[in-house]
Amino acid sequence: MKLYLAPIQGFTNSIFRSYIVQANGNVTKVFSPFIDAKRYRKEGEKVLKDIVKSIDGNQPLIPQVLGSNSEEICTVLNRFKELGFEEANINMGCPFPPVATKQMGSGLIPFPEKIDEILAAALQVGIRISVKIRLGWSNSEELEAVIPILNKYDLAEVIIHPRYGKQQYKGEVDMNAFERYAKMLKAPVGYSGDICTVAQLEGLKERFPFVDSWMIGRGAISNPIIFKTIEGAEPSRKEVALAVKQVHNLLFDEFSASLSGPSHLMNKIKPYWDYFEIAFLPDLKQLVKKTVKAGTVANYQAAANDLFAKASREFE
């Protein structure tokens with residue numbers, strides 16, 4: 001069984017990925033948040049800063065590219081190759097409208113001929129290519145027309161999130177559609193989406209025994225030792241809370257050093273609490289709320305430290 005850390009824009013940066021690898025020990029691959037091929041053409045190497053930072057570390061990193069122009073995508077893929085990467089992932093799954101309405105991410109899926117052009121060019125670069133994709137943009141039927149295109153090429157893997165783009169992360173995943181498309185694909189198939197507990201993963205493994213790779217994203221933010229849990233003993237609440245504290249402090253220190261000013265820092269760290277809070281609810285709801293509502297960096301640090309200390313004392 002292969003376990004992957006999903007790419008989540010704004011969350012799974014190099015610091016987070018490194019912690020996940022070190023704290024768990026059984027993560028097969030970690031995927032970078034996408035590099036926008038058009039932005040790379042305009043802004044150059046600074047767009048790759050997070051990926052370059054990871055090269056000499058411990059991360060089994062697969063860089064990801066997003067785009068709709070085959071030439072721009074291949075420019076990024078060639079740069080990945082120059083940096084020493086042997087595999088890259090093409091994002092055909094991003095559900096956010098500002099991306100998808102430009103025929104990128106899941107917005108590519110209604111255009112099989114464009115996907116064909118991109119893959120034909122990408123496979124000439126000389127590194128392994130995998131694809132992360134959804135069931136469609138507007139509905140779950142759109143992927144069917146793309147399957148023959150994907151099957152034309154020697155892809156390393158196709159990782160499917162079983163929602164269509166317009167759902168974003170809401171609504172039910174379509175397990176029947178996932179199974180149907182997975183069985184049509186020539187390439188190895190990975191599963192991504194809504195794996196937040198070991199019990200959920202075990203249920204998926206039972207339903208889809210032909211799947212060998214499992215991608216976890218938001219579940220790894222709320223429980224940064226979830227991968228270790230999958231192949232070992234269930235951690236205590238105290239252990240999960242400690243892991244959240246550790247990764248939080250690493251991120252906080254990194255953002256403090258690299259970002260310009262307190263408002264930028266607070267805007268960057270606070271969204272993590274949409275997921276961190278799960279480790280502390282319902283018991284410490286008021287302290288979580290105090291942390292998230294803090295208006296200054298000093299008040300934020302004080303509230304977060306109180307929360308972590310109380311969890312250490314009270315959780316078992």
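Heads up, the Cβ atoms here are built off N, Cα and C, so glycines get one too.
All TrEMBL annotations are machine predictions without curation.
Listed in TrEMBL:
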- C94: active site, proton donor (ACT_SITE)
- Q64, K132, H161, G217, R218: FMN binding site (BINDING)
- 5-278: domain 'DUS-like FMN-binding' (DOMAIN)
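Known features from TrEMBL, placed on the structure.
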| residue | record | contacts (Cβ under 8 Å, 6+ apart) |
| --- | --- | --- |
| Q64 | FMN binding site | P7, F31, S32, P33, F34, I35, A88, N89, I90, N91, K132 |
| C94 | active site, proton donor | Q9, F34, L66, A100, M104, G105, S106, G165 |
| H161 | FMN binding site | G93, K132, I133, R134, L135, V173, S192, G193 |
| G217 | FMN binding site | L5, A6, P7, I8, T12, S192 |
| R218 | FMN binding site | A6, I8, C196, Y275 |
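Across all of the domain 'DUS-like FMN-binding' (5-278), the predicted model scores a mean pLDDT of 96.
Across Q64, K132, H161, G217, R218, which the record gives as binding FMN, the greatest C-alpha separation is 18 Å. Secondary structure at R218 (FMN binding site), taken from DSSP and collapsed to helix, strand or coil, is helix.
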